[in-house]
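Colleague: Input: one structure, supplied below.
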Amino acid sequence: MFPMVTGFINYGQQSVRATRYIGQSFIITLSHANRLPITIQYPYEKLITSERFRGRIHFEFDKCIACEVCVRVCPIDLPVVDWKLETEIRKKCLLNYSIDFGICIFCGNCIEYCPTNCLSMTEEYELSTYDRHELNYNQIALGRLPMSVIDDPTIKNFKNF
Ligand code: SF4
Ligand code: SF4
């Protein structure tokens with residue numbers, strides 16, 4: 001008699017526990033259903049980058065003194081600084097400047113150490129291309145100001161990073 005009663009009690013306890021677990025999982029499911037999605041419908045929606053986002057580098061040709069500090073501090077000696085010495089004024093004259101974004105790791109060292117602040121990081125992150133050679137930006141491409149994501153007329157919704 002007693003084993004049967006004990007069996008019934010155990011069965012009842014297990015049923016209560018199982019019901020409680022089902023209830024808890026149901027509450028978790030409901031709480032997730034109430035949240036907004038984390039993912040966005042890129043490229044129809046875009047994220048607004050954070051203030052210190054490390055995007056494509058912007059370069060100001062007129063401010064550069066061809067000191068090559070950016071090359072020395074770059075972990076992969078990436079920036080190409082092409083200059084000639086003007087003997088009359090005993091000064092370096094910058095001819096060309098380029099950075100290959102196919103190799104750049106966006107560490108920001110060049111920006112940090114440039115003595116004339118002619119380098120800065122923009123919020124531009126859409127750099128993909130079909131030809132990797134197009135990622136080698138010269139001073140003209142580097143000098144282009146980025147378009148703010150907020151000014152992009154094709155984008156409907158924005159979210160912060
Ligand atoms: S550190 Fe700045 S000023 Fe010097 S070469 Fe590089 S970009 Fe030009
Ligand atoms: S961001 Fe870093 S890797 Fe890229 S050019 Fe500057 S120092 Fe070199």
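Every residue, even glycine, has its Cβ placed from backbone N, Cα and C.
Curation does not apply to TrEMBL; its annotations are automatic.
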Colleague: Among Cys67, Cys74, Cys93, indicate the single residue that TrEMBL lists for the [4Fe-4S] cluster 2 site containing Cys104, Cys107, Cys110.
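Modeller: My reading of TrEMBL gives Cys74 as the candidate in that site.
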Colleague: Checking the binding-site residues Cys67, Cys74, Cys104, Cys107: which ones have Cβ within under 6 Å of ligand 1?
Modeller: Cys67
Colleague: Would you list, in sequence order, the residues of this chain other than Cys64, Cys67, Cys70, Cys114 that have their CB within 8 A of the centroid of the site's CB atoms, where the site is the one recorded for [4Fe-4S] cluster 1?
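Modeller: Those within range, site residues removed, are Ile65, Ala66, Glu68, Val69, Pro79, Val81, Cys110, Pro115, Thr116, Cys118, Leu119.
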Colleague: Hey, does DSSP put Cys64 ([4Fe-4S] cluster 1 binding site) in a helix, a strand, or just coil?
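Modeller: Going by the DSSP assignment, Cys64 ([4Fe-4S] cluster 1 binding site) belongs to neither helix nor strand, so it counts as coil.
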Colleague: For the domain '4Fe-4S ferredoxin-type' (55-84), what is the mean per-residue pLDDT, to the nearest integer?
Modeller: 96
Colleague: What is the interatomic distance between the Cα atoms of Cys107 ([4Fe-4S] cluster 2 binding site) and Cys70 ([4Fe-4S] cluster 1 binding site), given in whole Å?
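Modeller: The separation of the Cα atoms works out to 12 Å.
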Colleague: Write down the Cα-Cα distance for Cys104 ([4Fe-4S] cluster 2 binding site) and Cys64 ([4Fe-4S] cluster 1 binding site), rounded and given in Å.
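Modeller: For Cys64 ([4Fe-4S] cluster 1 binding site) versus Cys104 ([4Fe-4S] cluster 2 binding site), the Cα atoms are 19 Å apart.
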